[in-house]
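Undergrad: Supplied in structure tokens, the structure appears directly below.
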Amino acid sequence: MAFQLSSIITKLEMMSTSDHASVVSMNLFVALLCACIVIGHLLEENRWMNESITALLIGLCTGVVILLISGGKSSHLLVFSEELFFIYLLPPIIFNAGFQVKKKQFFRNFSTIMLFGAVGTLISCVVISLGVTQFFKRMDIGSLDIGDYLAIGAIFSATDSVCTLQVLNQDETPLLYSLVFGEGVVNDATSVVLFNAMQSFDLTKIDHKIALDLIGNFFYLFFTSTMLGVLTGLISAYIIKKLYFGRHSTDREVALMMLMAYLSYMLAELFYLSGILTVFFCGIVMSHYTWHNVTESSRITTKHAFATLSFVAEIFIFLYVGMDALDIEKWRFVSDSPGTSIAASSILLGLILIGRAAFVFPLSFLSNLAKKSPHEKIDFKQQVTIWWAGLMRGAVSIALAYNQFNRAGYTQLRGNAIMITSTITVVLFSTVVFGLMTKPLIRCLLPPPKQSSSTVSSEPDTPKSVTVPLLGAGQDSEVDLDGHNVPRPSSLRILLSAPTHTVHRYWRKFDDSFMRPMFGGRGFVPYVPGSPTERSAD
């Protein structure tokens, strides 16, 4: 009896020590997050640094310190987990991106974004997969099969939209921002869908049927994921509009918006869809309808709450990756052949450069052929900027690499260890080097324009300030929708000459006559004492 009691006490002491160690780790990590925010603020005007690079470097430095203190046993406070990344950190970032995106600029370039994000990612994946197949077979990498080579193509086709968001400015370069960011979201979703599809197919015997199934599966996932996000956003708008929680408690409507946003992502994961696409389009729909159905104070609260959660998650990810990069276990199995690891990383970086160039410039040329307005065309300097800004790789690549090469344990198979360390090297190099040079490159190629009265490049603040030049002289505009008698050509002629503007006109008619009366939105919320007003912008 005494022995059992002493054994229980010993176990409780061990648990207490373990809990205290976790508390110490969390305290240090939160302190590092605070340090990243403070240092990032102090470097706000620096033309080279941004907060993602600052967090990454602080994470690396912290990893070195912990490595020295622990005598080379460990370099991180927390172990990188792909579940933590995909389930908790990525959703607020992608949702806020959709919630804050300037919708007119995004949908104005939607065809080009889809061309870059979907077709471009497939081209990049093919180029990288073919390249690593040719090079890695000649090197002493380890036992990699055709499935691994295709997975590497999907892993390194995923651009880092998180870092790109901090490098580009939505107001200074609206066209570039919408293209690079929109492509980044679709690109991440495409890469994850491709990666998951490769896991579900037997790639040892590739034929036309498997290729067609893969393509069909991609379009199915893209369409259903988008529809799920739109449906979830519309349900939240309808519930808040009909029940109007703000009459009694603004806390409830804020909580419902946040939970419905997260629910959209989790439903996508539950049904094996793309959570990235789902939560992104849910954010767009919520900003268009749901946000206008809540009280004024709730609008301010949700806008800042979503932005804050996204900001903290971004800093957390880069700090997390920086600290985990020096984990001694990963490097121990490649220490006997550092040349092989360096060669593999160099080959991957080269293929990333070639793979991105292989679709940015040809697809930009095709996109320009379909556009008549010179303001909508992508010139060569903008193409170079898009190519460069999308070279960065981030936590999505690391998470997918862990999923592919950590199943059998990277500490047991040399090939797995080399691929994980090469992925970390590529992410660190591309984020720091390419990220540092992106701002100066943009300022060199595309100097900030002087203040102009033109509203073509900026998002209108109110629905009444939509630019007539954007829609074309003599064609449809917001003024026409208000009932003024402006002569316009036939619908077929408008559709052929300006398809984007025509679709926009018919969408506004459908939105105003059916969608907004049912789901709410600016100007379509019935007056209730204390209810939302029409003062906010879209």
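Note: Cβ is positioned from N, Cα and C throughout, glycine not excepted.
Relevant sequence annotations retrieved from TrEMBL are reproduced here:
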- 31-443: domain 'Cation/H+ exchanger transmembrane' (DOMAIN)
- 20-43: transmembrane segment (TRANSMEM)
- 55-72: transmembrane segment (TRANSMEM)
- 84-101: transmembrane segment (TRANSMEM)
- 113-136: transmembrane segment (TRANSMEM)
- 218-240: transmembrane segment (TRANSMEM)
- 260-285: transmembrane segment (TRANSMEM)
- 305-323: transmembrane segment (TRANSMEM)
- 343-366: transmembrane segment (TRANSMEM)
- 386-405: transmembrane segment (TRANSMEM)
- 417-437: transmembrane segment (TRANSMEM)
Undergrad: Among 218-240, 305-323, 386-405, which stretch has the highest count of C-beta pairs below 8 Å with the transmembrane segment (20-43)?
TA: 305-323
Undergrad: Please check if the transmembrane segment (417-437) comes into contact with the transmembrane segment (113-136), where contact means 3 or more CB pairs closer than 8 Å and the residues in each pair are separated by 6 or more positions.
TA: no
Undergrad: Using a threshold of three or more Cβ pairs below 8 Å, and leaving out pairs closer than 6 in sequence, do the transmembrane segment (343-366) and the transmembrane segment (84-101) count as in contact?
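TA: By the criterion, they do not touch.
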Undergrad: Could you pull out which residues elsewhere in the chain have a CB under 8 Å from any CB of the transmembrane segment (55-72), counting only those six or more residues past its ends?
TA: 32, 35-36, 39-40, 314-315, 318-328, 428, 431-432
Undergrad: Given the cut-off of 8 Å on Cβ pairs that are 6 or more apart in sequence, determine whether the transmembrane segment (113-136) and the transmembrane segment (305-323) share at least 3 such pairs.
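TA: Output no: the transmembrane segment (113-136) is apart from the transmembrane segment (305-323).
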Undergrad: Do at least three CB pairs under 8 A connect the transmembrane segment (305-323) and the transmembrane segment (386-405), leaving out pairs fewer than 6 apart in sequence?
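TA: Yes, the transmembrane segment (386-405) and the transmembrane segment (305-323) are in contact.
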